[in-house]
Amino acid sequence: MAAEEMQWPVPMKAIGAQNLLTMPGGVAKAGYLHKKGGTQLQLLKWPLRFVIIHKRCIYYFKSSTSASPQGAFSLSGYNRVMRAAEETTSNNVFPFKIIHISKKHRTWFFSASSEDERKSWMAFVRREIGHFHEKKELPLDTSDSSSDTDSFYGAVERPIDISLSSYPMDNEDYEHEDEDDSYLEPDSPGPMKLEDALTYPPAYPPPPVPVPRKPAFSDLPRAHSFTSKSPSPLLPPPPPKRGLPDTGSAPEDAKDALGLRRVEPGLRVPATPRRMSDPPMSNVPTVPNLRKHPCFRDSVNPGLEPWTPGHGTSSVSSSTTMAVATSRNCDKLKSFHLSSRGPPTSEPPPVPANKPKFLKIAEEPSPREAAKFAPVPPVAPRPPVQKMPMPEATVRPAVLPRPENTPLPHLQRSPPDGQSFRGFSFEKARQPSQADTGEEDSDEDYEKVPLPNSVFVNTTESCEVERLFKATDPRGEPQDGLYCIRNSSTKSGKVLVVWDESSNKVRNYRIFEKDSKFYLEGEVLFASVGSMVEHYHTHVLPSHQSLLLRHPYGYAGPR
């Protein structure tokens, strides 16, 4: 028996599939089978492999043109081949296993595409493991594969009687456990690309994005550095970013556009009375300019009333009463502002005395000034100014937004109709400003917005991602450029998966990291995955002529 054992061949480690097939003699059977993964992380994976039975050894390759085997093992010591009913699933309907006489040796699992294929493979394996036991075991005719199923499997699955002691524990079997480390960058030969774009099932424990689990893996610095940046702004930024463009950007444009219009009435109407009543012109004009502005705008409201109906007497009487009320408010406000600022103390008495004159002056030329001041109420930024002091307090201190905060409540309480009218008209003025500023600020805001959580898919399998993509469309036709980011099946990095409508399949791009920079190809480096994704929204992906990132998976809002 020992002499027989010496004749068991040892699998060759560096031989291509085609070389093995063309070797004279020895090849019993060759074809594609699904092989179960060998490590704990690959137990649920059944990648398709090109399997060759050659001289009592089994080799499996990634494809029929691979230059070297993915793994190989000798059938020495294996004494039984059986159906693997426990491994039967909807994807693996015809599995079988090759069992060693020693429980310390690995049991190999394969899955055929049909019942006849399984019978054929099991018959050939049975014949190979019984090669040196033909005198004890009847040779099995492969033609039995078409015979009765029970009788066939009964003969094939019967164990071969061999001695355990004659099979040493050390052998020359080997297997590359990085068998699923193949991420094809499609249609382009390159150093990073392996021979096939097979997809692999899900069984990678850590989820893709959540922060709590990532720190547990100390050996994943780049994944941690990537995810630690994105979750922190995920919750806070969306509310401010939705609020800021409405409150911040629109008032800035409104103020830029309205600043000139506000200066014009301030110069035309109140400028001459200031010179008469306020001799010092050093820093006083800026203060009364803002003080008189609210009062003057209130006088514009009565000015609008006589202009629209065209009645002079009633409008003058109502406007005078409004002028008295507003002048009192202005007196209080001016005394408050003067007391807070402190430089001029002699101004409060003359200013209220002149205030009714300003109002009358504004009322007398109402027919002529109506054309000038008619656009002022709709353009006056009453609603936004309430929100502006927060950003504008530091940006434009010279405009003195603080005095405007205090008169606003009084002015809004006294003429509710006028304020509501300005509110409606200002909504019309705010919409174009939002559209204009949205284009300018969108790039800056987008750089700060992290990728949505839905982009990160908790799977290591491309076919699972393809299933998710097809589920987004009732007809099973995903949008071109639909993309997500999944985990790598064996590495600690990420994989960008993109739906290519032209070829009707997903494309896988490994996301590499070097010196805290991310890239798909070495020529273009990015500081973060988000900036890389943004880049490929406008630039064609590597190894493709027209594929762009267009639609993040699971994100319904605008980009």
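Glycine is treated like the rest: Cβ placed from N, Cα and C.
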Of 131-140, 201-210, 291-300, 331-340, the range Swiss-Prot labels motif 'SH3-binding': 201-210
Record feature phosphoserine (Swiss-Prot), assigned residue among SER114, SER225, SER277, SER462: SER277
Mean of the pLDDT scores, which run from 0 to 100, over the domain 'SH2' (455-553): 85
